[in-house]
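A.B. asks: Before I ask anything, let me first share the structure, which is written out below as structure tokens.
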Amino acid sequence: MWWFQQGLSFLPVALVVWSAAAFVFSYITAIVLHHVDPLVPYISDTGTIPPERCLFGIMLNVSTFLGIATMYVRYKQVSALSPEKPRILRLNKLGLTLGWMSCFGLCIIANFQKCILYYIHVLGACLTFGVGSIYMLVQTIVSYLMQPELHSKDIFWARLAVFLWSCSSILSMFVSSVVLYSGLYGQNLVQKLHWDPQERGYTPHIISTVSEWSLAFSFLSFFLTYIRDFQKISLRAVVSLQGQTLHESPRSFTAEEQALLIAGSI
């Protein structure tokens, strides 16, 4: 059995590989069609003009569902490993809520392009990266609280390092974007897809775009740390019949007859 076939490790692998492919394929398509400059454009700029916009949107929508599934499995795993630790359980529920909010933001990014509905696109980016960073922080804290009994210290340090990486990328992108969009470097920067290295504002533009790519790949790196954990968990569906036919009214359950629709095993 291959390592990615163990347990549910294929989920974070699929999320990371598919999301990275969405960025790379859209970038290559936009470059080949001369829609953006080859040197580090904004990720959103590579998904602004058809046909790369269609590819970018559909691939990120799939990434949204993979992210929801991955975060749910992580939630079920932590719940099963720490059933009597209310502090961890509260953080676990908070993490799931924040994670799904971040996934919703990714869906907004995929379907509302920057050059068309800028403020909605920015809202999606804030949900994805801002709320997503808080999700990373919560999971890092959970990893700290679960080590060394349930988690190795190496996993905690790896997640902490990736979280700090994402924070530095957010800070760099925020500062450079504020400088760039402060009005000092001309108007209509939102619609601008091509830059001349001699233009004023080119340096903060490059810093901003590099920071955005760095931030995106810091998120993907965080989900890579789930692979080893997911090798030790599986989910199975349990069918609970409420009647012998599909047109009968559901009868009342006894305690023995109740079953979870989705059950986890570690």
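Here the Cβ of each residue, glycine as well, is placed from N, Cα and C on the backbone.
As listed in TrEMBL for this protein:
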DOMAIN    8-233  domain 'CWH43-like N-terminal'
TRANSMEM  12-35  transmembrane segment
TRANSMEM  55-73  transmembrane segment
TRANSMEM  94-112  transmembrane segment
TRANSMEM  118-145  transmembrane segment
TRANSMEM  157-185  transmembrane segment
TRANSMEM  205-227  transmembrane segment
A.B. asks: At a C-beta cut-off of under 8 Å, are there same-chain residues at least 6 beyond the transmembrane segment (94-112) that contact it? List them, or none.
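C.D. replies: Distal contacts: 44, 47, 56-61, 63-64, 67-68, 71-72, 74-75, 120-121, 123-129, 131-132, 134-135, 138-139, 142.
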A.B. asks: Over the domain 'CWH43-like N-terminal' (8-233), what is the model's mean pLDDT?
C.D. replies: 89
